[in-house]
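TrEMBL has this to say about the protein:
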REGION    104-130  region 'Disordered'
ACT_SITE  Glu218  active site, proton donor
ACT_SITE  Asp368  active site
DISULFID  Cys439-Cys482  disulfide bond
ACT_SITE  Glu496  active site, proton donor
ACT_SITE  Glu537  active site
BINDING   Thr624  Ca(2+) binding site
Amino acid sequence: MSGGSAPLPYSMRDVGAGGAYNNAKFRHRSRLKMFVQSLATNSNKYRCGKFTVGKFLSLLMVSGLLYLFLHKSPEGFVPGEVHGKDVHNNNVRRAPNIRTFWRKPPRLPPRLPPNEINKNNSLLQQSPSEWTSRQKKVKEAFEHAWSGYRNYAMGYDELMPLSHRGTDGLGGLGATIVDSLDTAIIMGADDVVSEASKWIEENLMKRISEKGQVNLFETTIRVLGGLLSAYHLSGGDHAGSGDSGIPASYKKANPERLLEVSKDLADRLLLAFTSSPTAIPLSDVILRDRTAHAAPDGLSSTSEASTLQLEFSYLSRVSGDPRYDTEAMKVLEHMRTLPKVEGLVPIYINPTSGQFSGENIRLGSRGDSYYEYLLKVWIQQAENRGTSLKYLFEMYTEAMKGVKHLLVRKTVPNELVFVGELPFGRNGEFSPKMDHLVCFLPGTLALGATKGITKKKALESNLLTDEDIENLQLAEDLAKTCVEMYFVTSTGLAPEIAYFHIEGNPEGGPGGGNKSNKYVNDIIIKPLDRHNLLRPETVESLFVLHRITEDPKYREWGWQIFEAFEKYTKVDSGGYSSLDDVTSIPPHRRDKMETFFLGETLKYLYLLFDESNTLPLDKYVFNTEAHPLPVMRSVEQASHSV
């Protein structure tokens, strides 16, 4: 797709000085009447005796109409060179019949300000049944991805779709199976639910006891998060489980077994916390030995250490064991005490000293979900929002102010809003680099502004502060940029990393390959950054923004992205592949299907086209791997919300 928005239907010369369209210019008038009036007006200028030019032209027009009637074929008017011949070629252009000449021009849509045109056109174009049809296409894509995994890689962490085999890069716990289970439940993909839950019940506990090293963060967000979400959606947590909006007829997994496996895994992962000399957990765990150790360089990613709380806190709630929540929350309580740069933090932290390491500040890899969980943990534990966890929302608010002050810039020449980096801290040079991972931020900003309810409802209830409105606008601006990272490329798929052209910026390089895109000179894609890993962050934000703003353009953008995935990454034998270069056609494929394509990307696309009462954002919070967990309220809060 060449761009993120359709061109305006009328040229700017039709816009009055006040910025509004002049409706008088678009009144419906008969073309014949206009022509005759024009002849009558001009004929007075060119008279040759009594026989005027106007009379001559009128006679000529009548003669032409008589000629067309006399040469009419049964199928309408056809060119003279094909008269008397059988025409079998359906591509032959046929001359219009007489009704074409008399047909009135189409009714023009209501005159709208330019910024409203896309939204209303989308509303007119797509009916509810169309979105249901598109949602079905996403479900079919999920089942196709699963079929490739099931046929060639069942039990492995991930599918290699081109070589038809599996690979273990996440500890060998069958990560794709667990990551996919709640997606299958949400979609009503009953066969996948049966196959995935059967494998988990029969194999996962044994795998956990036998396998070696796993990363604490990846295992928590993908495996533990996936198990707990499926546990809830299968009815294990009866309190509030009816809020999901998922039909009761959909097949579920065995919640008791899911909880049993979750506790066994979490007990082993807890060693990363209890083995550390500080509140910051060690990065890796040896599952079979029940031991933990730091990464080779001794450091942990800030995002990894601070993106564990949703899962462990929920497990404490449903298991009745407070240890999980206590250990995980110590991390955020400790980070509260550390020095920050306007709420922003470096991307590394030392579990031995408990202090940040280096000055590199960014919202991309190793930094991203720290900011996400400040907000989401506060939202999840609704009963403590105004008391013991109030500091989390304050940290989030301060950080977003820092983002706007230090990291947000606009491109030249077209003023795309983006979030850059400070590789050497506040006093170092600004880098106009933005990972695709940063595209989680529009959704987080929107969620932070309205707390999950619609913008309309929040405004009607006078719940939005000026800062909330500013953050919501920034969310929409950044979502536009994230989408243009897709549309600026030849394939319509985003690169892993983009650079942006800013005033006085020495960065240069090739664009995305789509020369017709408006922003081809604003976005720079370097050769080493052109790959696409089927990431979910942009469609995640489109889903959240559509739920909150109810603007259908986010659905339209999501559909264009889905179509590009279908066109360039689908493997006929099953599964989807990553790409090496999104700027070339055909793109070279990479032999890997990440677990998050099923666990996140397709889930968010499916929910983007779903009704708003499915997993409503004021009752559910999605972990950073898109596993929905319920907002935990006190009994009094729960009864009040009902």
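Each residue, glycine too, has its Cβ placed from N, Cα and C.
This view paints the features noted in TrEMBL onto the structure.
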residue: Glu218; record: active site, proton donor; contacts (Cβ under 8 Å, 6+ apart): Leu170, Gly171
residue: Asp368; record: active site; contacts (Cβ under 8 Å, 6+ apart): Ser303, Asp435, Leu437, Val438, Phe440, Thr624
residue: Cys439; record: disulfide bond; contacts (Cβ under 8 Å, 6+ apart): Leu478, Ala479, Cys482, Met485, Glu537, Thr538, Glu540, Ser541
residue: Glu496; record: active site, proton donor; contacts (Cβ under 8 Å, 6+ apart): Asp435, His436, Asp529, Arg530, His531, Asn532, Leu533, Arg535
Number of other Cβ atoms within 10 Å of the Cβ of Cys482 (disulfide bond) across all protein chains: 30
